[in-house]
Each structure stands twice: as C-alpha cells, then as structure tokens.
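Straight from TrEMBL, the features:
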DOMAIN    11-159  domain 'Phosphotyrosine protein phosphatase I'
ACT_SITE  17  active site, nucleophile
ACT_SITE  23  active site
ACT_SITE  132  active site, proton donor
C-alpha cells in the first residue's frame, strides 16, 4: 500500500535532536497534545542522534515550559535513535541541519522513512533549524524554542490531516 493511501493511524513520527532532552521531547509532547485535540491517533516518539543522556528525564526547563503551556504529565526517558527506527517510523523529523546530516548518514538504504526538518512546517517563516537551548540554558531560549516548535507542529498537523503529498 502506498504511504499516501495508508490510514493516518498507521503512520508515525519520530522527532530527533542531539541529546533527546530538550527539543525533540518538547516536539513529541506538543505534537501529541495537538493531535489529541484533533482526535487523531498517531504514534509519536523522540530520540537523539547521540547517547549523551540515555535514560534521563527531559531538561527541567523543557518540562516547565510544557507545563506552563498546558501540557502536563508528559513522561519521557531519553534514548538514542536505532536502525529499526528508520523502518518503524513514517516520518523522522529533526531539529537542525546537523541532525539531518547525521540521519542521512545513518539511514539504511531500504528505509522508507521520510526525513524532514521541523522548521519546514512553520507557515510564513524561513527558519528551518530549531535552536538548541541546551547550550545556553537561558529560560528565554526555552520559551522561544517552544513557540517555534508549537508553530511548526501546527503546520505539521495540518499536513498530516490533509495527507499532504509533500510529506511523502
């Protein structure tokens, strides 16, 4: 069955960033929240390209921003992307061009997963990379990243619901 023809419930999204404690878990939580509001059931997870934080909870500032925006009780443990992920997920959506380069290098030849940068889905904005707030630790950076992720996830939800061919 062609991916475009698959029911939405058979599709899946894996968000990827460097360490899987800030951006990708934030995107996972936001997309799950938005899809639930739309009544759309979709597998959504996140992972990191590196194993720096495997088994750890999201950054406390990530959790604070999510909770302040009505996303409560999000449970996540950081993990590293694995080869099986390239076969399990319909879309693997990363946060920046460096993540994308890593994913392109790791992607098995027979994988049908589509690689995207999350920023591609922000309407009327050309910033495709989502800034990594981990390195400056500034609270304002986490709020700014949340806004970028929220806007991009809104655009992604619209494309998923419309079965937009640019996702494939």
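Cβ atoms are placed via backbone N, Cα and C, with glycine included.
All annotation found in TrEMBL is predicted automatically rather than curated by experts.
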Write down the Cα-Cα distance for residue 23 (active site) and residue 132 (active site, proton donor), rounded and given in Å. 7
So among the active-site residues 17, 23, 132, who's got the most Cβ atoms within 10 Å? 23
Helix, strand or coil for residue 23 (active site)? Use DSSP. helix
What does the structure give for the C-alpha distance between the residue listed as 'active site, nucleophile' and residue 23 (active site)? Integer Å is fine. 6
What are the helix, strand and coil residue counts for the domain 'Phosphotyrosine protein phosphatase I' (11-159) according to DSSP? 64 helix, 21 strand, 64 coil
Average pLDDT across the domain 'Phosphotyrosine protein phosphatase I' (11-159), rounded to a whole number: 96
